[in-house]
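Here's the structure we're looking at; comments come further down.
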Amino acid sequence: MSGFLALIGRDLRLARRQGADVAMTLAFFVVVVALFPLGLGPTPALLARIAPGVLWVTALLAAMLSFDRLFQQDADDGGLDLLALSGLPLAVVALAKAVAHWLTTGLPTVLLAPLLAVTLDLPAAAYPALMAGLLLGTPTVSLLGTVGAALVVGARRAGVLVALIVLPLTIPVLIFGVAAVEAGSAGLETRPHLLLLAALLAGAVPLAPLAAGAALRQAVE
Amino acid sequence: MHRFANPTRFLRLANALLPWLGVAAVGLLGYGLWLGLLNSPADYQQGETVRIMYVHVPAAWVALAGYSTLALASAAFLVWKHPLADLAARAASPVGAGFTAIALVTGALWGQPMWGTWWVWDARLTSVLVLFFLYLGHMALTNAFDDPERGGKAGAVLALVGVVNLPIIKFSVDWWNTLHQPASVLRMGGSTIDPAMLTPLFVMAGGYFAVFAVALLLRIRALYAERRLRQLRLSLPDA
Amino acid sequence: MTGTDQLDVRNLSASRGGRPVFRDLSFSLASGGALRLAGRNGGGKTTLLRIVAGLGRADTGEVLWNGEPVTDDREAHAGRVGWLGHADALKTALTARENVEAALRVAGRPTDRLGDALDALALTRLAELPAGWLSSGQRRRTALARVLASGASLWLLDEPTVGLDAASVAALERAIAAHRAEGGMVIAATHTALDLGDDAVDLDPAAHADAGRLPEAVA
């Protein structure tokens, strides 16, 4: 347990020292969301209609940008060997990495989303569902991304590849996340959607680190 | 498993099976097409367009069977670490992707006269599209490494992750579809299908599976030859 | 360290990229023992070190610690290994001290040897600088300090002297001598004249490249 927390602590400290990396991901999130009104016109009704999808899809794309470095940096500098020899099972290493990734990328995205939602004219009733959905959904995305990141260690064009293999797996998160916001906008019950997102997270927490751990073992060998 | 795990024995078996499978494929497809296109009734609702079903539905079946093959071979490779299972997985994904593409294209061709548009975000079509994406990701990942063994293992893990996710994706797409398309879409097949249509459908399915088996075995054989070549070149002395 | 441990490598064969590097390699090492891996590039020195560490996989054969295969309990074996790879595994944004400390904490090891380890390699004054500011020799020393501070009994060092000046090599030799005196073991792959101390044995994995060759036991 202490090793697990120490690894999260180390990654958080690294992210703080190299703050530009996190800032770039968030800047990407903001810029891409801003492109939609520019591309589709500023009609408030249209923007409010597409806001849930735009915010969720952009949050997914922003997350994809950060995955290729998740293990590759450690693999390049020899740190992955040290992690493999840390005595922590590699599945636990993967879980720690996913937690650190979510804290540095997922959580800031969740906090930024309502600000961007304002610019897209999202109805006020939809905000709780947007926030709750992102809070439940982005950890699942981080976990799936950790699997992808572990699989592409050492691959050519790892950045594109990780998006290509992870994005299809995130489709359920996208569907239920957007559905929750739309239900909120329409004043309907959002609980079923949020419960489904929670179920996905509950499934991903044990399974994704196992797959990522197996992939890391292959990358080390 | 281990009886066929010997590459030479496997190759001998494959070479023995291939001509028979080839004849079966040509025969079944020929007979099935004759039945389906000329010797079966038109649908009272869909008219002659229903004949697209005979090339579309078996393709979708084989697309799914291809992913099962991929997943089983991947599991076998991870458990027993046998190189033939790796080759089978590598061979299965482009072949499966090909049949998925056939299913998508024929689906679009069927959709044009039936729905008046080439593409509809129908739950089935969307699920098949996602299946196609999973195949693409698997192919890209297995070929992205300089060390083929690493690519094979990474691909195997991804294939198994995909198997766990497929039902979830299918469920979410169905859910999404009912949210966004409450109007009932005309579905192909269904329980009321005429027996006169079932015969050509099953004959075609047999033909498709035979083609799948032929393509799979040919590709395994080619990949095996490629790997042997690599091993021989690596075993040359330095000088 | 109890001083009565035993490392046995039995009939190890390994390949890299489908190409065999050595076959039927065997040796044993007891507490206080040292082994130098020498030989040409591509001879399998790193491959052998990785397998002994539990990082690499052997085609056949096994690595035993006190008679137990190390693959039976990877976590326990990892606790015995002090690993220095050919890369330094330092995070440039962390200071030298933070790098070593983080590695110790992630591995659940005590940090009480940290100060001595930095001292031994003359890093005390550099320890608060980001690793990215250090020269390659200073980084190598930091990576070595991580091994010294680990308290692990089996040091596995891949080219430890790369980038080191004469004084640092001497410091490393003293550290190795002290480690062996405490009952630790050292296996080092090196091209240079690193003195592992008395009774250190030489092994060239590439000499075991041919099939059918009899394994020769050392130490």
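Note: Cβ is positioned from N, Cα and C throughout, glycine not excepted.
Copied over from TrEMBL, here are the features:
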- B:6-180: domain 'Cytochrome c assembly protein' (DOMAIN)
- B:12-34: transmembrane segment (TRANSMEM)
- B:54-79: transmembrane segment (TRANSMEM)
- B:91-111: transmembrane segment (TRANSMEM)
- B:123-145: transmembrane segment (TRANSMEM)
- B:157-176: transmembrane segment (TRANSMEM)
- B:196-218: transmembrane segment (TRANSMEM)
Item to check | Interface present between the transmembrane segment (B:123-145) and the transmembrane segment (B:157-176) (three or more C-beta pairs under 8 A) | outcome: yes
Next on the checklist: Under 8 angstroms, Cβ to Cβ: which one of B:12-34, B:91-111, B:123-145, B:196-218 has the largest number of such pairs with the transmembrane segment (B:54-79)?
Outcome noted: B:91-111
Item to check | Cβ contacts under 8 Å made by the transmembrane segment (B:196-218) with residues that lie 6+ beyond its boundaries | outcome: 14, 17-18, 21-22, 24-25, 27-29, 31-33, 35-36, 39-41, 43, 50, 53-55, 57-59, 61-62, 65-66, 69, 88, 91-92, 95, 98-99
Next on the checklist: Are there residues at least six beyond either end of the transmembrane segment (B:12-34) with Cβ under 8 Å to its Cβ atoms? List them, or say none.
Outcome noted: 4, 54, 200, 203-204, 206-208, 210-211, 213-214, 217-218, 220-221
Item to check | Integer mean pLDDT for the domain 'Cytochrome c assembly protein' (B:6-180) | outcome: 88
